[in-house]
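Undergrad: Here's a structure for you.
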Amino acid sequence: MYRNFFNTVNNNQKFIYFALSCLVIGFVISIIGPFGTFSEMSLLKRLVYWQLTIAVIGHESLVLILMFFHLPMTAKWPTSKTMIVTSLIMAFPASFQVHWLNQKMMPIEMPISILELSAYVLLVLLMIFLPLGKRLEKRFKTPLKKESITEPTSTLTTEKNEIDLPKTTSHPNLMALFDVEMKGRLVSISAEDHYIKIVTEQESQLVLHRFSDALKLLKPYSGMRVHRSWWVSLQFIERLDKKQGKWQLVMTNGEFIPVSKTYRTEVERLCKSFIS
């Protein structure tokens, strides 16, 4: 858990994204000038005031969000709950920072108590983090590792033009494997950043999970990896096609799945054996 947390903290690219988001939000709020700042400050002062406020409190809040993302007891919280709890915790201490900044930059003292100011700060934090929650989760949350099941001894081989199909062809229980409720049989799984996209006959869903771990869980089932970021169920392969010089699988549900050079020979041999 702590290794995942510090790996996330050390990822500068992710923090550049968040810093730029704070910059844009601060600029927009500066133009609007809420909570009396429009009438009491010039545009330049508003820019300084809101950029400082959003940048400092935003990054303090992000540290708390990262802790919630990686602590075992809070990692499975819904994103909205994480954002709301963070905003509630940050509202009171952040109000003291805003109060200090008001004293330095406001031309007149605002007749407002710390508790009232906390309510305004809470409102601003919720307005920022609730819309950004999913994006923050996608960029900063490290998928929880799942327990892998025992890998079977039977594997897919292509030696001497012979195909040894997986012995276990029963369909995977998605709820048991990925803790997700979905209708229909599994067609394909693909990698999207820290997520995997699970596609069944009837629906699709993004799940926070490592693609490499998903492949281990799917070992016993009748399917194969056809690309660095794609796994397909054999029973839903309709045919192997070549379009504009690129190989792809046409699935029975209408999906077109890319086949990389690494796996093409294996896929071609398997299709001839399995589809026929």
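The chain as shown is numbered from 1 upward.
Just so it is clear, glycine is given a Cβ too, placed from its N, Cα and C backbone atoms.
Take a look at what TrEMBL says about it:
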TRANSMEM  15-36  transmembrane segment
TRANSMEM  48-71  transmembrane segment
TRANSMEM  83-100  transmembrane segment
TRANSMEM  112-132  transmembrane segment
DOMAIN    189-273  domain 'HTH LytTR-type'
Undergrad: Looking only at the domain 'HTH LytTR-type' (189-273), report the model's average pLDDT.
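TA: Mean model confidence (pLDDT) across the domain 'HTH LytTR-type' (189-273) is 86.
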Undergrad: Counting by DSSP, what is the helix, strand and coil composition of the domain 'HTH LytTR-type' (189-273)?
TA: 23 helix, 40 strand, 22 coil
